[in-house]
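Now, the feature entries from TrEMBL:
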| type | residues | note |
| --- | --- | --- |
| REPEAT | 10-48 | repeat 'HEAT' |
| REPEAT | 164-202 | repeat 'HEAT' |
| REPEAT | 203-241 | repeat 'HEAT' |
| REPEAT | 242-280 | repeat 'HEAT' |
| REPEAT | 281-319 | repeat 'HEAT' |
| REPEAT | 320-358 | repeat 'HEAT' |
| REPEAT | 359-397 | repeat 'HEAT' |
| REPEAT | 398-436 | repeat 'HEAT' |
| REPEAT | 476-514 | repeat 'HEAT' |
| REPEAT | 515-553 | repeat 'HEAT' |
| REPEAT | 554-587 | repeat 'HEAT' |
């Protein structure tokens, strides 16, 4: 070891580890490249480390992926931007491997390096690299090249720019669908770097070719390009070139293409402006909402609120609402679920009268849907409707449904209702809440499912915060404390949990007079789980109560528990006693 020349040592270790049979060692070595480069210095990194990495490209995909990632942030270690070009050869090689994620990461790193390179270096090194990849014999190289044009193009001289546009056009007509797919998905980025004059001619003719491709996987990526190109073109050009394509795509024979249109449509509305949206895109959207494939209806239903926001209320009521009514009784639960997750957002768009007249019946039918996810999605967005129609109407029409859901057979639905209760309480006000929902909140503390009992304890605390300690003293505390006598130990544990949550809200006086005696009494319980939970609750009460109460009441109880036969009870009691000692020492 001493004989090895010190600066040589890191590269020797790296080479050894990179040739090791253990993949983890090879991975660790690659992830430490920056440390090794610092040890070698900039010059030796350029002359020894980078060439070595260029040769070492037949490893496991995991190692190559790590290498592609590391090289993207390697410019500082090779001597800054003036030497950035030395990183291109190893990354170029990685762009041609078979594994897609390695190629994608290599392209991402090349873009990162290229974005920092000087203009003359881009022309001298980066653009030839793009051309080499685009002319590659293997489709993998050509696929990778498509993601690099937007970096190479802005720095190219005029003659090279024309050549790059021609090459990109050829890639869009490549024999391999994978290459055409890559060209279609990168078209938006490339178009953004092309001058406006060429955008309407060269880029639009490339785009037209892609939209008529015989592979649906290429056409659906062209749909994404529609939105990107729409933002680059003037509105009148957008109407002339993009709008007809979208209208055709919305009737494409492949459901996957129609699905992409449904996902992208509202972005295109912004690009083409209000008039064409009204005349062309609304009918296209209505077609998608009534599509015979459930997946397309799901995508379209999920965008219904965003689409309505672009339209005026009259148009939404006239064209979109009839479809929404149909979707609310759709045969696919997933369509109804997608609709339920966004339908509440339509209320502010339509205004109070239309919401009451048109939307409320749909909400009520979805609240009674047989599938829990549909009901859940409606419950979680109720506040958006409350802002529009007011609490009186909401309580008359929706509260009976909420009370019904509070006893739903699916525990996740009950859980969603519990989490919504504090918000509902603040909107309904204390009087209304006591009448309708108070009993429910107590009932949940005795639920068969732990998550519900836990959420119910938190709910009780949040209600006490909302309505204040005096209200809690009247309506919550007596009923909660009654439950400590429940024959089932799990319910008794829930009450202890509720007490620990309520104590900070109620303050030291009520905690001392009402809550503490119940906890002390529970320490005599025959079930060890209750006793160690008592120790935990007492520990949480220490900061709230006076020092004298801690010494006279809590400490003796904990001392007794610390001598319990059960090991867990002793452990938590001892922990709580240590906590008391720490508090006393800090005073």
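Cβ coordinates are placed from backbone N, Cα and C, and glycine is handled just like the others.
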For the repeat 'HEAT' (476-514), the number of residues DSSP places in helix, strand and coil: 34 helix, 0 strand, 5 coil
Taken over the repeat 'HEAT' (515-553), the model's mean pLDDT: 83
For the repeat 'HEAT' (281-319), distant same-chain residues with Cβ under 8 A (at least six beyond the ends): 243, 246-247, 250-251, 255, 258-259, 261-263, 265-266, 268-270, 272, 274, 326-327, 330-332, 334-335, 338-339, 341-343, 345-346, 349-351, 354, 358
